[in-house]
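Engineer: So TrEMBL says this about it:
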- B:29-47: transmembrane segment (TRANSMEM)
- B:60-107: domain 'NADH-Ubiquinone oxidoreductase (complex I) chain 5 N-terminal' (DOMAIN)
- B:106-122: transmembrane segment (TRANSMEM)
- B:161-182: transmembrane segment (TRANSMEM)
- B:239-260: transmembrane segment (TRANSMEM)
- B:266-287: transmembrane segment (TRANSMEM)
- B:319-343: transmembrane segment (TRANSMEM)
- B:355-379: transmembrane segment (TRANSMEM)
- B:414-435: transmembrane segment (TRANSMEM)
- B:456-475: transmembrane segment (TRANSMEM)
- B:619-682: domain 'MrpA C-terminal/MbhD' (DOMAIN)
- B:660-681: transmembrane segment (TRANSMEM)
- B:693-715: transmembrane segment (TRANSMEM)
- B:697-774: domain 'MrpA C-terminal/MbhE' (DOMAIN)
- B:754-772: transmembrane segment (TRANSMEM)
Amino acid sequence: MEIIMSVLAGILFATGVYNLLQKQLLRIVIGTALISHGAHLFILTMGKLKTGAPPILVKGVEQYTDPLPQALILTSIVISFGVTSLLLVLAYRAATLNKTDNMEELRGSEDE
Amino acid sequence: MIYAVFAPLVMTLLIPFFNKWKDKIHTGWFLLPIPLFIFLYFVQFIGEGFSPVAESYQWIPSLNISIDFYLDGLSLLFVLLISGIGTLVLLYSIYYLHKSERLGHFYIYLFIFMSSMLGVVLSDNVYVLYTFWEFTSISSFLLIGFWHYRERSRYGALKSMLITVFGGLSLFAGIVTLTYITGTTSIQEMINQKDIIIDSPLFPLILIFIILGAFTKSAQFPFHIWLPDAMEAPTPVSAYLHSATMVKAGIFLIARFSPILAGEPMFFIIVSLFGIITLCWGSYMAVRQTDLKGILAFSTISQLGMIMAMLGFGTKAAIFAAVFHILNHATFKGSLFMIAGIVDHETGSRDIRKLGGLMTFMPISATLALFGVFSMAGFPLPFLNGFYSKEMFFEASLHLDGYGGQFIPFFQQAIPYLAVFGSIFTFVYSMYFFFGTFRGEAKMGELPKKPHEAPIGMLISPFILVLGVILIGLFPNLVNGTFIAHSAEAIYGSAVEKDIYFWHGLTYPPLIMSIIVVVLGTLLALTRQKWAGIYTIFPRNLSFNEVYNYIVDKTETASTKITNKYMTGSLRHYVLYILIAILVVSGVVFFLTNGFAIDTSGLSTLKLSDVPDILVGLTMAIAAIGTIFTNNRLSAIIILGVVGYGLAILFVIYRAPDLALTQLIVETVTVAIFLLCFYHLPDLKKIKEKPSITLTNSIISIGFGALMTIIAISAHSSKWFEPISNYFLETSKPLGGGYNVVNVILVDMRGLDTLFEITVLGIAALAIYGMIKLRRDKEAK
């Protein structure tokens, strides 16, 4: 199972990176979102899958899944959400100000 | 001694105050006593029974760097030159520089230079020597660029700075290597460890480094090019720095390290070969110049080459002659520079083509120049010191032995001929300098000012120097026993006794060489107009200035080109560099350390109940790939949503309820924001890419995905120790007081993470608010 999930994470990374290399701003933001999904899946897979009950203590249950990766992912989800929203607004501002969302046209001036 | 060295430096602090009264009294008068006192202080050391004096002061004891002063014969000669000529130049500058000039700046730079030059010649500690050495470069840079509003001044200052600092850094490399080998920072102790240094495999490096430092400073071929351009400095500076003192710092360095380096065939070849080349090239090129100071600059180059060559010879006679010529050159060249300055000052021009016939207007200057010029030419008269050193140079060039090898004997035979060749041209430019300026027809119409004799104050300094020329010429043995012999001894290592005579008899070979020089030189000087065309054939435009300009120009354009090549401004390129670096570095490390390993034992086995997760995973994979191919922005966002919700379902399946909850909410909000934004963004049109670009993108992204998969699988297959999660599970209730372990971790056990994650959200919110609300451009209206 972990191998399948690893491959899925790999696919998410690959498509994310491919989007990141495109020219439209929106695609780049989509790429970052895909990469963060991939990273979350990656972390979850690293903590082993399906080894017990959800990490909510119940009397009588001995085996729980690993709670630490979940805590890490939770933090990461929130942060990537913040970053993604910021990126989106930035993309919106950049596109409206410069009248283009093509990254090749958003290169800055020569003398910078 | 330390007071003498640092007195000018301390004085620079007071110069701004003196400078306030410069309208009433020229600033220079306040400063004149300083170099004079230093001179008088060092004069007391002169004498037959001189023995070296050492002083030591702590500076950085932990690095073995202390301010050690060591006054031996060599240092004494140089400190007397520096302070003596310094006094004269200061006096001269009082009359030369008008009160409207920035006198404060001038004297501050000059005094920094004086201090650092005294420091260079007195330091025994190599690092202190290096410090002072660079200070001379910096103050020389400031002095050359004194009239900074002139483009030529700035060019000359930059050029001298680049070349001398290049040499200075090379010297630094040399002394670091020397300290590394010997374990000491004192020059005298290094001399005691001579054998260790010579036997070291690093010896050739040290030799090259030190010689490079000396050659750049002393304007040796091919680093001589900065000196003619340094003539943009005010004339007192040219007289002081670029004839008598700073350009001799390289000579001093070679002399100082001679006890270690001399005697090696490599040292002999490099130093004397380049010295002789410099002598010939400098004197040859000097005849071509039209600027008075240009002639003197090339003349200085050639005379420095002559001294350097003699140091390279390394025989007793040669070293004695070198030391003697250092003194002689300082006297006559200093006076000639001052006279060139007087001519410039009183006629308004330094161009020898416009000058001529000034003898009747400026009889005193002309007389002084006459002595200086004939001394420089080495004319055989018993009251000119230049002749003695020239004759000793010829004698030294004839008696070279002690080295074997294939090339050396041939070279040794060629040296006397080259020496005579260089001397003939020395004679020619000397005559050209004098007769071109003071004899011939007066061209009154072409001069900006009506020429007249200089004020008496301006003539004092060259007069004293010319007096020196004559006194040394008449009584050479006066300076011989008292300090020339001590200097030569410091360089050679053992006592050098030599008496200087004017007359050795008719059959004395150096005399014959001198006569050849005078005869041929006179002939060439008289027929100069006829053969001057040779300069259009050789060197034509082929000069080392071109090389320098080419290098400076190319370093700028080439680095710009390289930077423009990879700093394209395209985000895609930068992302590509990062990804390729990740791929290559991790891939290679992975391969080298044999990191890929699959161990299936720890994995959960595939069961029928796993079908739902596989289906979800499949959907996600298809959706993720779909984002690439869709051209509709709405569908791109929806498909992205599919991936997010799929991940939430996976979280459900893999027993992570909190994650699933958060992921669902976050995904919903994100999709909402995406939809809000996309309404304002331009349509997601398909941009036609070149196939090659699509191919690179695919390869890179597939490679990156594959790398992550491999890392995930390999990491999974190698478990080194048990996770610490059992601790969290066990102590969640007793210590944290909660049943939901994930939440206890978030707010209790690792609460700090949560605090800053909240901060991140807050900052993001503020930034978004700012971006939307704050408009500084026209849009705001």
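Glycine is no exception: its Cβ is also placed from the backbone N, Cα and C atoms.
Caution: TrEMBL annotation is automatic and unverified by curators.
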Engineer: Quick check: do the transmembrane segment (B:266-287) and the transmembrane segment (B:414-435) share at least 3 Cβ pairs under 8 Å, counting only pairs 6+ apart in sequence?
Structural biologist: yes
Engineer: State the residues, same chain only, that lie 6 or more residues beyond the ends of the transmembrane segment (B:239-260) and have a CB under 8 A from a CB inside it; answer 'none' if no residue qualifies.
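Structural biologist: Contacts of the transmembrane segment (B:239-260) (Cβ under 8 Å, skipping residues fewer than 6 from its ends): 74, 78, 81-82, 85-86, 89, 92, 110, 113, 117, 120-121, 133, 136, 140, 143, 167, 171, 187, 190-191, 194, 197-198, 210-211, 213-220, 227, 230-231, 233, 271, 296-297, 300, 304, 307-308, 311, 314, 319, 322-323, 326, 329-330, 333-334, 336-338, 341, 490-493.
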Engineer: Could you tell me what the rest of the chain brings near the transmembrane segment (B:693-715), counting residues at least six beyond its ends with Cβ under 8 Å?
Structural biologist: 576, 579-580, 582-583, 586-587, 590, 595-598
Engineer: Sort out the residues at least 6 away from either end of the transmembrane segment (B:456-475), same chain, that have Cβ-Cβ distances under 8 Å to it, and list them.
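Structural biologist: Those are 85, 88-89, 91-92, 94-96, 327-328, 331-332, 334-335, 338-339, 342, 345, 364-365, 368, 371-372, 375, 381-388, in sequence order.
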Engineer: Looking only at the domain 'NADH-Ubiquinone oxidoreductase (complex I) chain 5 N-terminal' (B:60-107), what is the mean pLDDT?
Structural biologist: 88
Engineer: Based on DSSP, tally up the residues of the domain 'MrpA C-terminal/MbhD' (B:619-682) by helix, strand and coil.
Structural biologist: 54 helix, 0 strand, 10 coil
Engineer: I need to check the long-range neighbours of the transmembrane segment (B:319-343): which residues 6 or more away from its ends have a CB within less than 8 Å of a CB in the stretch?
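Structural biologist: That would be 74, 77, 81, 85, 88-89, 92, 96, 235-236, 238-240, 243-245, 248, 251, 255, 258, 292-293, 296, 299-300, 303, 306-307, 310-311, 313, 350, 355, 358, 362, 365, 368-369, 371-373, 375-376, 385-386, 388-389, 392-393, 395-396, 433, 437, 454, 458-459, 461-462, 465-466, 468-469, 472, 476, 479-480, 484-485, 487-488, 491-492, 496, 498, 500.
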Engineer: Which stretch, B:29-47, B:414-435, B:754-772, tops the Cβ pairs under 8 Å count with the transmembrane segment (B:355-379)?
Structural biologist: B:414-435
Engineer: Within the same chain, where does the transmembrane segment (B:29-47) have neighbours whose Cβ lies under 8 angstroms from its own Cβ atoms, ignoring anything closer than 6 residues to its ends? I mean 6 or more beyond.
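Structural biologist: Distant Cβ neighbours of the transmembrane segment (B:29-47) are 4, 7-8, 11, 15, 18, 53, 71, 76, 79-80, 83-84, 86-87, 90-91, 94, 107, 111, 114, 118, 482-483.
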